[in-house]
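What follows is a set of notes on a single structure, which appears directly below.
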């Protein structure tokens with residue numbers, strides 16, 4: 001079904017800074033639970049009005065800048081949204097150049113999702129894409145404000161089409177539903193558009209879940225969901241074309257190739273857009289113009305004008321008058337071409353030109369951007385593109401990977417990008433050019449060439465295609481080799497500048513170039529100790545200490561941290577940290593000793609503190625120890641492990657150490673597995689497993705979580721009933737639990753998921769044939785069905801609780817059922833720390849009085865650091881749901897549950913940073 005449309009638009013043109021508030025409903029399935037997820041942002045800046053015509057962007061050209069704090073994923077998203085507008089209308093989004101005085105800047109402002117309406121006309125203007133705004137449809141919506149559109153429901157005649165429910169609107173947000181004055185907006189003769197991407201959703205600014213703030217009138221005939229954030233509606237497209245007076249003949253062309261045909265007399269305009277780093281070739285193939293006109297030279301009649309860019313002020317590549325020889329090929333210098341045809345007489349609708357975009361070629365510039373074919377969409381199969389970048393002499397080429405996603409392979413044999421350096425006396429290696437190959441997903445990377453020239457070649461095969469890449473290149477100078485280098489110790493060249501560094505035992509002073517004697521140092525000794533500055537007192541802020549410890553050749557260094565308390569969450573060391581060699585950063589507080597053995601006779605230890613919180617710090621002893629394992633494995637049959645002052649032999653899984661403490665023999669094969677995730681394998685894997693073997697693994701993860709087992713390799717002697725060798729998996733803590741399956745042969749078992757926090761696996765082999773065995777990965781998943789008994793059980797928000805914060809984009813559900821008939825479930829929280837937000841729209845806990853997530857069963861939604869009150873179900877079951885978004889994380893929660901007498905009623909509350917009174921019944925329930 002197709003709907004007519006309209007958007008409230010600037011007339012006389014209105015200037016407004018507008019904040020978009022909406023709810024984007026998405027159904028999420030978690031186990032057997034079905035519920036809605038909401039995204040909201042709060043606040044709106046008061047709007048200002050003007051009657052100046054300058055608020056329309058001249059020629060529909062909108063220059064843009066993207067703030068550097070956005071990731072490559074964000075920049076790819078913004079470009080997709082801009083291309084969406086360009087594809088269906090005649091507006092153009094172009095990277096800002098120095099001559100552009102007025103332009104938009106993608107940024108993050110306190111308003112969340114917000115933008116000015118139309119062109120502000122005072123230099124740069126912000127389009128804020130804040131938290132939870134980074135969705136394709138939301139960015140398209142925000143760009144609608146930039147183009148010149150108000151929210152659809154603010155048009156003066158909206159009361160004929162929608163009802164506003166003010167009692168459901170959040171306090172202080174009523175003004176978001178105010179009607180515009182008739183002199184402020186113009187519908188351009190178009191009817192109301194429920195399908196517009198500029199329309200509010202039914203529960204935008206609602207004061208609670210399932211509250212409606214705006215709905216189509218019952219007699220409107222519209223039954224679909226309003227507030228879509230998927231794509232421009234047909235009404236959006238029509239109104240944009242009216243607002244910017246788009247030519248009826250022509251259009252925007254983004255395909256790799258196509259035809260141009262004059263459909264009628266008058267003006268036809270085509271914008272051809274290709275990815276950056278591509279060249280557009282236009283072939284004029286036929287004559288469709290009338291005889292020469294005296295007005296042709298003025299581009300007023302019977303003329304084809306081809307311009308090298310997007311604007312009528314762009315350089316003219318060619319101008320062809322009627323009667324001229326039309327057959328010719330015209331090439332652009334960039335990735336855009338504008339073709340305009342003016343004719344005085346009707347012409348047959350036949351193609352008069354073809355075009356195609358070619359990737360690659362030489363680039364002589366000191367800065368620029370290169371895109372993969374069809375970017376920001378997926379690149380085509382069988383691509384082969386080569387670019388050669390030349391910058392000024394005596395310079396280097398710096399290439400930044402803004403966005404990069406090609407088909408993954410460990411050797412990049414499918415799709416790949418190859419960077420090859422120009423040969424110079426410094427870049428030769430065995431007489432060959434220096435090259436490097438890339439594929440897969442690369443989040444951030446910068447490469448600097450040795451010379452002023454570098455070649456890039458992109459290949460794709462005929463199978464899997466990804467979204468490609470955006471690369472930015474700039475001319476780079478080695479400032480460390482110039483008189484700009486004022487560093488006291490070391491100068492480290494960076495793209496666009498340099499930074500200073502200090503020798504071991506010194507730290508960089510606040511001026512950024514001098515070095516002060518401080519903590520750290522070079523220690524060549526067999527034993528000693530190191531500690532954080534001021535230990536055992538608090539270490540200072542903004543301090544960096546580096547120690548380099550060296551022992552004699554053939555020795556290892558043992559480190560024993562007897563005290564360790566450094567700001568951080570252990571696995572998330574974003575603030576202060578200790579880094580040992582190339583290992584991960586250490587932080588947090590440890591009450592037990594931390595022991596480390598270095599793989600070589602040298603180790604580098606770095607301590608760094610930020611500008612805020614201090615802790616006690618650390619104290620560590622070190623001692624050099626001779627590595628007996630380096631000589632003939634110290635006589636160990638399987639594995640030799642060096643120990644302080646000695647060594648110890650260990651055996652592979654399924655074997656035990658013999659009496660001589662060096663050789664290995666088959667023995668007990670039972671394993672207790674308590675880590676939340678890891679890998680297991682059959683005895684002697686990847687070699688054949690021994691005959692007559694019986695092994696078992698008992699997996700136990702964090703309470704309130706389940707275990708998922710995935711086999712990555714599987715070769716067990718085959719038999720129809722698995723009578724010889726077999727892997728058996730039980731859904732519980734031992735072999736008496738429910739059997740999940742018995743497996744053998746070459747086909748890996750399916751993904752196995754436990755119903756509780758325990759799983760039991762056995763492996764047995766007979767006395768005959770043996771195979772390679774198996775390798776499996778296990779991980780912990782939140783949620784599941786739990787049984788409440790008289791003794792308490794526990795639910796943890798995440799499997800690594802206390803070691804790290806909960807994860808992003810989590811949707812977990814727990815159904816707790818009382819074991820005894822006639823009993824209910826009582827739940828209380830001993831720890832509660834969920835991202836705080838007034839409406840609990842980002843991260844939250846929901847509790848339902850029953851097994852289903854329905855409005856009438858909702859007890860409340862909770863967030864912040866205030867624990868909910870004790871909750872007891874009125875029936876045998878209770879449902880707990882946890883949702884997290886893609887931004888901030890906190891410590892999480894620990895909930896205790898047990899069976900209890902059923903409650904006669906359950907108070908419905910809504911908790912965020914502070915506790916609110918019980919919710920009123922909704923004015924309009926949702927129809928699910």
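All positions are counted from 1 along the displayed chain.
Using N, Cα and C of the backbone, Cβ positions are placed for all residues, glycine too.
These figures come from a predicted structure and were not determined experimentally.
As recorded in Swiss-Prot:
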DISULFID  111-133  disulfide bond
BINDING   141, 145, 151  Zn(2+) binding site
ACT_SITE  142  active site
DISULFID  249-268  disulfide bond
DISULFID  359-385  disulfide bond
DISULFID  412-439  disulfide bond
DOMAIN    477-516  domain 'EGF-like 1'
DISULFID  480-491  disulfide bond
DISULFID  502-515  disulfide bond
DISULFID  519-545  disulfide bond
DISULFID  573-587  disulfide bond
DISULFID  629-640  disulfide bond
DISULFID  636-649  disulfide bond
DOMAIN    669-781  domain 'CUB 4'
DISULFID  782-812  disulfide bond
DISULFID  840-863  disulfide bond
REGION    895-928  region 'Disordered'
COMPBIAS  917-928  compositional bias 'Basic and acidic residues'
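Across the domain 'CUB 4' (669-781), DSSP classifies residues as 0 helix, 58 strand, 55 coil. Across the domain 'EGF-like 1' (477-516), DSSP classifies residues as 3 helix, 15 strand, 22 coil. Taking only the Cα positions, the spacing between residue 480 (disulfide bond) and residue 502 (disulfide bond) is 14 angstrom. Secondary structure from DSSP puts residue 812 (disulfide bond) in a beta strand. Looking only at the disulfide-bonded residues 268, 439, 545, 840, the one with its C-alpha closest to residue 111 (disulfide bond) is 840. Taking CA atoms as the reference points, residue 268 (disulfide bond) and residue 145 (Zn(2+) binding site) are 27 Å apart. Here the Cα atom of residue 249 (disulfide bond) is found 26 Å from that of residue 145 (Zn(2+) binding site). Of 385, 515, 782, all annotated as disulfide-bonded residues, the residue with the shortest Cα distance to residue 640 (disulfide bond) is 782. Comparing the Cα of residue 359 (disulfide bond) with the Cα of every entry in 141, 145, 573, 636, 812, these being the recorded positions, the smallest distance points to 141.
A distance of 38 Å separates the Cα atom of residue 412 (disulfide bond) from that of residue 502 (disulfide bond). Cβ packing within 10 Å was compared across the disulfide-bonded residues 268, 439, 502, 515, 840, and the lowest neighbour count falls to 515. For the domain 'EGF-like 1' (477-516), the predicted model reports an average pLDDT of 83. Ranked by how many other Cβ atoms sit within 10 Å of their Cβ, the disulfide-bonded residues 111, 545, 782, 812 place 111 at the bottom. With all protein chains in the displayed structure included, the most crowded Cβ environment within 10 Å among the disulfide-bonded residues 385, 412, 629 is that of 385. Mapped onto three states, the DSSP output places residue 111 (disulfide bond) in coil. In the three-state DSSP reading, residue 573 (disulfide bond) counts as coil. Spacing of residue 587 (disulfide bond) relative to residue 629 (disulfide bond) is 31 Å (Cα to Cα, whole number). Residue 412 (disulfide bond) carries neither a helix nor a strand DSSP state and counts as coil.
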